[in-house]
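Sequence annotations record features per position, and here TrEMBL assigns Mg(2+) 1 binding site to D7, D140. What TrEMBL records for D7, E67, D140 is active site. Feature annotation from TrEMBL assigns Mg(2+) 2 binding site to E67.
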Amino acid sequence: MMLIAFDSGIERTGYAVFNLHESRYTVQAYGCIITPKVSTLPVRIATLHDKVEELISQYRPDVFIIERLFFTMNKKTAITVAQAQGAVLRLAGHHGIEVEFLTPNQIKQAITGYGNADKKSVQQMVALMLELEEAPKYDDTTDALACGLTYCTMKALHDRQAQGANS
(Lines of atoms letter the chains of each structure in order from A and count residues from 1; the text may use other names and numbers.)
(Lines give C-alpha, C1' and ligand atoms only; values in the text may rest on other atoms or scores of the structure.)
Protein backbone atom coordinates (compact mmCIF):
# COMPACT_ATOMS: atom_id res chain seq x y z
CA MET A 1 0.00 0.00 0.00
CA MET A 2 1.35 3.38 -0.96
CA LEU A 3 0.36 6.35 1.13
CA ILE A 4 1.11 10.03 1.20
CA ALA A 5 0.81 11.93 4.45
CA PHE A 6 0.26 15.69 4.41
CA ASP A 7 0.62 18.59 6.78
CA SER A 8 -1.32 21.18 4.79
CA GLY A 9 -0.64 24.89 4.70
CA ILE A 10 -0.87 27.66 2.14
CA GLU A 11 2.75 28.74 2.53
CA ARG A 12 4.19 25.27 3.07
CA THR A 13 2.68 21.81 2.78
CA GLY A 14 4.78 18.99 4.12
CA TYR A 15 4.46 15.57 2.54
CA ALA A 16 5.81 12.10 3.22
CA VAL A 17 5.44 9.06 0.97
CA PHE A 18 5.39 5.64 2.62
CA ASN A 19 5.20 2.11 1.25
CA LEU A 20 3.40 -0.08 3.79
CA HIS A 21 3.53 -3.84 3.26
CA GLU A 22 2.55 -6.42 5.88
CA SER A 23 3.23 -4.11 8.84
CA ARG A 24 6.60 -3.02 7.43
CA TYR A 25 7.04 0.44 6.04
CA THR A 26 9.66 2.31 4.10
CA VAL A 27 9.83 6.02 3.48
CA GLN A 28 9.96 6.60 -0.27
CA ALA A 29 10.22 10.38 -0.25
CA TYR A 30 9.50 13.44 1.84
CA GLY A 31 9.68 17.16 1.44
CA CYS A 32 7.86 20.44 1.48
CA ILE A 33 5.81 22.15 -1.20
CA ILE A 34 6.43 25.88 -0.91
CA THR A 35 4.22 28.46 -2.57
CA PRO A 36 5.59 31.95 -3.25
CA LYS A 37 4.40 34.58 -0.77
CA VAL A 38 4.15 37.12 -3.58
CA SER A 39 1.61 34.99 -5.45
CA THR A 40 -2.13 35.45 -5.12
CA LEU A 41 -4.16 32.88 -3.19
CA PRO A 42 -5.55 31.26 -6.36
CA VAL A 43 -2.03 30.90 -7.79
CA ARG A 44 -0.76 29.41 -4.52
CA ILE A 45 -3.62 26.90 -4.46
CA ALA A 46 -2.92 26.03 -8.12
CA THR A 47 0.78 25.53 -7.33
CA LEU A 48 -0.07 23.21 -4.44
CA HIS A 49 -2.57 21.35 -6.62
CA ASP A 50 -0.02 20.83 -9.40
CA LYS A 51 2.72 19.60 -7.03
CA VAL A 52 0.36 17.13 -5.33
CA GLU A 53 -0.77 15.95 -8.77
CA GLU A 54 2.90 15.23 -9.56
CA LEU A 55 3.22 13.17 -6.36
CA ILE A 56 0.12 11.19 -7.31
CA SER A 57 1.49 10.51 -10.79
CA GLN A 58 4.85 9.41 -9.45
CA TYR A 59 3.76 7.27 -6.46
CA ARG A 60 0.17 6.17 -7.22
CA PRO A 61 -1.00 6.31 -3.58
CA ASP A 62 -3.86 4.21 -2.24
CA VAL A 63 -4.53 6.55 0.66
CA PHE A 64 -3.84 10.09 1.83
CA ILE A 65 -3.22 10.62 5.54
CA ILE A 66 -4.06 14.14 6.63
CA GLU A 67 -3.61 15.87 9.95
CA ARG A 68 -7.05 17.02 11.04
CA LEU A 69 -7.42 20.77 11.36
CA PHE A 70 -7.38 22.01 14.92
CA PHE A 71 -7.13 25.71 15.62
CA THR A 72 -8.25 27.46 18.74
CA MET A 73 -6.77 30.90 18.22
CA ASN A 74 -6.06 32.19 14.73
CA LYS A 75 -9.12 31.96 12.46
CA LYS A 76 -7.28 33.49 9.48
CA THR A 77 -4.65 30.75 9.62
CA ALA A 78 -7.36 28.11 9.98
CA ILE A 79 -9.09 29.37 6.85
CA THR A 80 -5.96 29.33 4.68
CA VAL A 81 -4.99 25.88 5.97
CA ALA A 82 -8.51 24.66 5.16
CA GLN A 83 -8.18 26.09 1.65
CA ALA A 84 -4.88 24.27 1.12
CA GLN A 85 -6.34 21.08 2.54
CA GLY A 86 -9.28 21.48 0.16
CA ALA A 87 -6.91 21.33 -2.81
CA VAL A 88 -5.46 18.05 -1.50
CA LEU A 89 -8.92 16.61 -0.78
CA ARG A 90 -10.15 17.59 -4.24
CA LEU A 91 -7.33 15.58 -5.79
CA ALA A 92 -8.12 12.60 -3.56
CA GLY A 93 -11.72 12.69 -4.73
CA HIS A 94 -10.74 13.12 -8.37
CA HIS A 95 -8.34 10.17 -8.30
CA GLY A 96 -10.42 7.91 -6.04
CA ILE A 97 -7.82 7.99 -3.26
CA GLU A 98 -9.01 7.03 0.22
CA VAL A 99 -8.50 9.68 2.91
CA GLU A 100 -7.80 9.10 6.60
CA PHE A 101 -7.53 11.86 9.19
CA LEU A 102 -5.43 11.87 12.35
CA THR A 103 -5.62 14.43 15.13
CA PRO A 104 -2.51 16.26 16.31
CA ASN A 105 -2.87 14.57 19.72
CA GLN A 106 -3.04 11.09 18.15
CA ILE A 107 0.14 11.82 16.23
CA LYS A 108 2.03 13.26 19.20
CA GLN A 109 0.91 10.36 21.42
CA ALA A 110 2.04 7.76 18.89
CA ILE A 111 5.39 9.43 18.20
CA THR A 112 6.44 10.64 21.65
CA GLY A 113 4.11 8.84 24.05
CA TYR A 114 2.70 12.20 25.15
CA GLY A 115 -0.30 13.82 23.45
CA ASN A 116 0.79 17.35 24.31
CA ALA A 117 4.40 17.02 23.20
CA ASP A 118 6.13 20.05 21.71
CA LYS A 119 7.38 20.28 18.12
CA LYS A 120 11.01 19.72 19.13
CA SER A 121 10.17 16.41 20.83
CA VAL A 122 8.22 15.23 17.79
CA GLN A 123 11.07 16.28 15.50
CA GLN A 124 13.65 14.39 17.57
CA MET A 125 11.56 11.22 17.75
CA VAL A 126 10.73 11.24 14.04
CA ALA A 127 14.42 11.55 13.17
CA LEU A 128 15.26 8.75 15.61
CA MET A 129 12.45 6.39 14.54
CA LEU A 130 13.13 6.84 10.83
CA GLU A 131 16.91 6.87 11.29
CA LEU A 132 17.26 10.18 9.51
CA GLU A 133 20.76 11.62 9.41
CA GLU A 134 19.31 15.03 10.20
CA ALA A 135 15.89 16.40 11.00
CA PRO A 136 13.95 17.89 8.08
CA LYS A 137 14.42 21.62 7.49
CA TYR A 138 10.72 22.46 7.88
CA ASP A 139 8.34 21.55 10.70
CA ASP A 140 5.72 20.86 8.03
CA THR A 141 7.85 18.04 6.63
CA THR A 142 8.44 16.61 10.09
CA ASP A 143 4.71 16.75 10.80
CA ALA A 144 3.93 14.91 7.55
CA LEU A 145 6.49 12.23 8.41
CA ALA A 146 4.99 11.93 11.91
CA CYS A 147 1.50 11.68 10.42
CA GLY A 148 2.52 8.91 8.02
CA LEU A 149 4.52 7.08 10.66
CA THR A 150 1.55 7.18 13.03
CA TYR A 151 -0.76 5.75 10.38
CA CYS A 152 1.69 2.95 9.52
CA THR A 153 2.08 2.05 13.20
CA MET A 154 -1.67 2.12 13.88
CA LYS A 155 -2.46 0.11 10.73
CA ALA A 156 0.16 -2.52 11.55
CA LEU A 157 -1.21 -2.86 15.09
CA HIS A 158 -4.78 -3.10 13.80
CA ASP A 159 -3.80 -5.75 11.25
CA ARG A 160 -1.96 -7.83 13.89
CA GLN A 161 -4.98 -7.63 16.20
CA ALA A 162 -7.27 -8.70 13.36
CA GLN A 163 -5.01 -11.66 12.56
CA GLY A 164 -4.99 -12.67 16.23
CA ALA A 165 -8.78 -12.53 16.38
CA ASN A 166 -9.02 -14.72 13.28
CA SER A 167 -6.60 -17.35 14.61
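Note that Cβ sites are derived from N, Cα and C of the backbone, with glycine treated the same way.
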Using DSSP and collapsing to three states, where does D7 (Mg(2+) 1 binding site) fall: helix, strand or coil?
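The three-state answer is strand.
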Please report the Cα separation of D140 (Mg(2+) 1 binding site) and the residue listed as 'Mg(2+) 2 binding site' in Å, rounded to an integer.
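It is 11 Å, counting Cα to Cα.
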Write out the long-range same-chain contacts of E67 (Mg(2+) 2 binding site), meaning residues 6 or more apart in sequence whose Cβ is under 8 Å from its Cβ.
A5, F6, D7, S8, F101, L102, T103, P104, I107, D143, C147
For the binding-site residues D7, D140, which one has its C-beta crowded by the most other C-beta atoms within 10 angstroms?
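Of the binding-site residues D7, D140, the highest Cβ count within 10 Å belongs to D7.
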